[in-house]
Amino acid sequence: MEGVLNQLPIGLSIGAVLLLIALGLTFTFGQMGVINMAHGEFIMAGAYTTYLLQGVGFLVALPAAFVVAGLMGLVLEWVLIRRFYGRPLDTLLLTWGVSLILQQLARDLFGAPNVQVLSPEWLRGGIGILPYNRLFIMALAVLSVVAIWAYQHRTAQGRRMRAVMQNRRLAATSGINTGRVDRLTFFIGSGLAGVAGVALTLIGPVGPALGTYYIVDAFLVVVAGGLGRLRGAVLAALGLGLLNSYAEFWTNASLAKVMVFVVIIGFLQLRPQGLFVLRTRALT
Amino acid sequence: MRNTPWRSWAAFAVLATALAACGGQSPTSSGGSAAGDGKTIKVGILHSLSGTMAISEVTVKDAELLAIDEINAAGGVLGKKIEPVIEDGASDWPTFAEKATKLIAQDKVATVFGGWTSASRKAMLPVFEKRKALLWYPVQYEGLESSPYIFYTGATTNQQIVPGLDYLKEKGKKKLFLVGSDYVFPRTANKIIKAYAAANGMQILGEEYTPLGHTEYSTLVNKIVEAKPDAVFNTLNGDSNVAFFKQLKSTGITAEQMPVMSVSVAEEEVAGIGVDNVAGQLVAWNYYQTTDTPANQKFVAAFKAKYGQEKVTSDPMEAGYNAVYLWAEAAKKAGTTEVEAVKKAAAGVSLERPEGQVTIDGDNQHVYKTARIGVIQPDGQIKEVWNSGKPIKPDPYLRTYPWAGGLV
Amino acid sequence: MTAFQDSQPAIEAPPPDPAAPAPAEPSVTGGPSVTGGPSVTGGPGRRARLAGPAAFAAVAVVMLVVMPLALEPFRLGLLAKYLCYAIVALGIGLAWGKGGMLTLGQGVFFGLGGYAMGMYLKLHDAGGDLPDFMVWSGVEKLPALWGPFGNPAFALAMVVVLPVVMALLLGALVFRQRVRGAYFAILTQALAAALVILLVGQQGLTGGTNGLTNFFDFFGQDLAADSTQRGLYLVVALVLGVLYLAAWQLVRSRFGRLLVAVRDGEDRVRFLGYDPATVKTLTFAISAGMAGIAGALFVPVVGIISPALLGVVPSLELVVAVAVGGRYALAGAVLGAVVMGYAKTYFSEELPEAWLYLQGALFILVMTLAPKGLAGVAAALRHVRTSRRAAA
């Protein structure tokens, strides 16, 4: 019985991980329609940043990873992706190519084996089944969501971002520099991936393949939540986290994963656009 | 516009001709120095140099190349130098089969050293059997196999898993929880563990498998915590070990309270997991970098000299290193590198290796190996706490163990 | 206007010209040559009409006669493998290039066909006993699912039926709900990931990660013999040729035009009274059937089918191969699969460390500089020549 109860916080913490890895995608995919397969490698960049900054302090790694991954995203957007607007499916293949290069680059820079990243002292131990590092990840997820919400709703730049998301052409005619907004969005979205990478060093391997372990899950959260919807991403991540947690508890890890896929496919039958739909009048 | 397909077809034809040209040239460029004639003896080295398995397999390749260098420096085999032909299995089983075919059919190598995962071995097995060529497979594995064209220089189950269980039993660990990656080695290992437990009054509290590459272990750790076992027997592979140990450690369970016995965690993996997360845990192998033999001191020094002082040596690397020496010895004994003669000569070949005395068992082409249980130290090295005293005769089908009767 | 955002070829079909003869080639190859003007319909047109079949025949001769003579058995086997991939690529070219459905899960259908064939071969080799992997997996009785696959006719039928039925089901569910574009792509990708986990988890039933391997006999032929491999190569090449012609006919037909119309403006097609979901579902099923056939041929050629062959990465690699070859031309898709297959083998033999860099760089270059792939480059070159000739 205790085990069943324990699965609730575990489910929420899995959800928090899912949310962190998917949050950035809701912007790059949601706002810009860019299917960024290199998102996983931005997560990896965040994790390696943490590795390099060991000794300086774990909390320093958070802003550093945000900037490193964010700048990588910015460069990617500026050099390549901006040529691809209106060709979302092509961005998928393009960014997959980028992700292959980044993986190999990580292998050449840091070596093929996983590198050692130790949790900071103050994150060791825990309350009941939930270790402090899981609580930290949950807190980080909450903080990220609040920060994004505040940015989108309380700053001028954030409002421009929403305007472009809702109607790019109208926003452009209203004098918004959509190119700049896009770059900034990509910076933030990729930066969030970097933050997720910092968090993942607490619970998982840090190696060149890190991104590949999370990318499909991240996309599923975004698809289930509805493009570009913060609310949708939060609910989808928590729902999938809980589903995963209980499904694995009662069956096993393999079946739980398959069940998550089946539920998502079934769910899209009911709501093809995800949990929350951004209403537009556009066709196709 | 209408000509586009025509252009494509033309390009296709040009490409195909180019392909044919390349294919047609290769026999002249590489087929000349087949095993037996010329100044060198070609051998194949077939490991994953790219993809998920590269982390582990590259180190085995390095160890095998070191052995080849050493043998060449000492005069080679049958008066000829060994020339390695290196191919990349790319962590992909069909690629292993394809490259094995290439090494045998096109490069005409005398033998091949290669493979790591069971799946790669299973994929290569038909190639070697059909073409009557030799493979030396250097990794511990799940047993239940004895191909006439494969030599197994890693441990089979009775040289690793069974001693690991003996050790746990001796320490009074009667309730076990089994954790493994979802593939053939963990499943077979756990089948053996269950049979052993049933015969020895031990209890299996749970058996869980996770997909390869799985990184979310909080639910599984919760299941373990709830089951309260005396020890965990861990057959996870690769990156999953990192996530498992990190997440187990963070719940505050120590190695003293509930030790984890791992059979796929070696010196190579410890750093990636984080020494803090895994120090004090048990492992079962046949060799550690710290194993105290003269041959090992030489091996460790030579490996570090060639590849860097920070490098570590591990059991599969040593088994790969041994494989080259065992083959060379058998070829010397046979007086030729011809496959059937080498096979016949190999029976009973015995050498002092870093892990101690190893002898090829002619019946099943495995080797006698000493089992060693170790504890991971805070410096990342593994300290031996128990060994079997003498090399154990390989028994891939566990025929000499009455409790394993129903397994095969 | 957003309707055009998704349609890659900016200039698609030329305005209907009643005077022009029916196009002899698939009219949907796209490209700037549309602007070639009236000269296209004149003399060169007739020559072009003959050039297509002539080139096809020339390639057929090279593939069926020259290659088996020129290549040693090992290389011929590799070429047979690339041609298996080319069959999948043909299906992708149809679904994605012509129909705009980016399917990232063709590995699923490839796998279904491959496993159907593998199961038959395994049972045949076992000759009444249990297949080897079941013995070491501790399975004592042949699972009911396996029983019928002992019958070659049933197994061969399943090679096509399983993928087609699965694609029809998925298509009916997904396309009816108007799930499209990126959503569809990600769903198919998730499907591939799920199937791999499922196959790996059922070791006693599927062989787990190892997959099915160690086959000896293929319909009375010894699989180890060079002559069998040569024969298999010819079969693969013939099947590819036949399927290519069939796909080409399909694209030329009314259905094919409808398909392209759906790709370029699904809502407009719906307003005209057609049902885009049916068109897409059928096409998706056809491409799935092709992948199934490819999978079944792959098994005897390569000698193994395993979950790793049908996951996310191999599925994506094939889509990329199609992009490199040129998604708007069926021949481009076939060409791309062969080129990428060959490149992979070449680089893994010569420069294994550089392969990921090269592959990545290639995608980026193709997607940025030549989104129509090799076929598009060829068309552009031709266009440059004709316009120069016109200027002279």
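Every residue, even glycine, has its Cβ placed from backbone N, Cα and C.
TrEMBL lists A:12-35 (among others) with the feature transmembrane segment.
What TrEMBL records for A:55-80 (among others) is transmembrane segment.
Residues or ranges marked as transmembrane segment by TrEMBL: A:92-112 (among others).
Among the features that TrEMBL reports, transmembrane segment is placed at A:132-151 (among others). Away from its own ends, the transmembrane segment (A:132-151) comes close to residues 9, 12-13, 16-17, 19-20, 23, 62, 119, 122-126, 157-158, 161, 188, 192, 195, 199, 202-203, 230, 234 of its chain (Cβ-Cβ under 8 Å, at least six residues beyond either end).
According to TrEMBL, the feature transmembrane segment maps to A:184-204 (among others). If one looks beyond the transmembrane segment (A:184-204) by at least 6 residues along the same chain, the residues whose Cβ comes under 8 Å of a Cβ in the stretch are 17, 20-21, 23-28, 31-32, 34, 36, 39-40, 42-51, 58, 61-62, 65-74, 76-77, 81, 117, 119, 123, 133-134, 136-137, 140, 144, 148, 151, 157, 161, 164, 210, 213-214.
Tertiary proximity for the transmembrane segment (A:249-270) is limited to same-chain residues at least six positions away from its ends with a CB under 8 Å from its CB atoms, namely 3-4, 7, 220, 223-224, 240, 243. Look at TrEMBL and you will find A:249-270 (among others) tagged as transmembrane segment.
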Spatial neighbours of the transmembrane segment (A:92-112) far in sequence, C-beta under 8 Å, 6+ residues away:
34-41, 44-45, 48, 51, 76, 80-81, 84, 207-209, 211-212, 215
